[in-house]
Amino acid sequence: MPQAFLLGSIHEPAGALMEPQPCPGSLAESFLEEELRLNAELSQLQFSEPVGIIYNPVEYAWEPHRNYVTRYCQGPKEVLFLGMNPGPFGMAQTGVPFGEVSMVRDWLGIVGPVLTPPQEHPKRPVLGLECPQSEVSGARFWGFFRNLCGQPEVFFHHCFVHNLCPLLFLAPSGRNLTPAELPAKQREQLLGICDAALCRQVQLLGVRLVVGVGRLAEQRARRALAGLMPEVQVEGLLHPSPRNPQANKGWEAVAKERLNELGLLPLLLK
């Protein structure tokens, strides 16, 4: 029988480390509370092979994550850019979605201590803002908006970036596992909880348009919102991953054309 991994036993909710607490400040505080609620619900799930270790950067990278939400989620948002889940060299290191280290530190201006996950894979160490490896997806994503908007405040005036699922899954070898690679029953349990949380988060922020970054994020957003919030528009954006051949042919140009099609460029150039 494959060993079942109980998320709560792999990754205790930061108790001995530092119990996450939302920061004061209305909307940001409420958003953080929703994330902690999601963490609590996910901690009850069990995962078996091929999952070896689970990282939750919303817990061990709580300080920079809280700083990100507090700084850039101070008011309602018209547009939510939705990623799927953390990457090993992005949010897993910094607590910020698509969180390539230099972009997080130097453009977004987010800092804060990153703790060590309770169980860490030797091939995927968490080094926080000292991580020397760049996440290509995050560098492309935030680099594009840096070039387009100039200052992060311009981007975040109308937009926010969030991941549907806060968990990073690693195989025993250390290989990154996407949620799509999980056993079907476990995947649907996981994403069902995340879908419900997304509906609450979209309602909280007053979002009118969700842009799924990558096909899976777009599909899940459509599925989550169609029944409960059909008034929210859902569209897709090509994922900037280097594993995506189309993205390697000039993702920035593709992204700009897509945002123009969606009528978003005026919001991002103010």
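Glycine residues also receive a Cβ, built from the backbone N, Cα and C atoms like all the rest.
Source: prediction; values computed, not measured.
Positions annotated as substrate binding site by Swiss-Prot: M84, F98, N163, H239. For 173-187, the entry in Swiss-Prot reads region 'DNA-binding', with the evidence type similarity to another entry.
Positions of Swiss-Prot features highlighted on the structure.
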residue: M84; record: substrate binding site; DSSP class: coil
residue: F98; record: substrate binding site; DSSP class: coil
residue: N163; record: substrate binding site; DSSP class: strand
residue: H239; record: substrate binding site; DSSP class: coil
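Summary of the substrate site environment: with the site residues M84, F98, N163, H239 set aside, the chain residues having Cβ atoms within 8 Å of the Cβ mean position are L82, G83, N85, G87, P97, S137, V213, G214, A217. Counting every protein chain shown, the number of other Cβ atoms lying within 10 Å of the Cβ of H239 (substrate binding site) is 23.
Residue density at M84 (substrate binding site): 23 other Cβ atoms are found within 10 A of its Cβ, drawing on all protein chains shown. Across the region 'DNA-binding' (173-187), DSSP helix (H, G, I), strand (E, B) and coil residues number 7 helix, 2 strand, 6 coil. Here N163 (substrate binding site) comes close to L82, G83, M84, N85, P86, M91, P97: these same-chain residues lie at least six apart in sequence, with C-beta atoms under 8 angstroms from its C-beta. Residues within less than 8 Å, Cβ to Cβ, of F98 (substrate binding site) and separated from it by at least 6 positions along the same chain comprise G83, G87, G90, M91, E135, S137, G138, F141, W142, V161, V213.
Across the region 'DNA-binding' (173-187), mean pLDDT in this model comes to 95.
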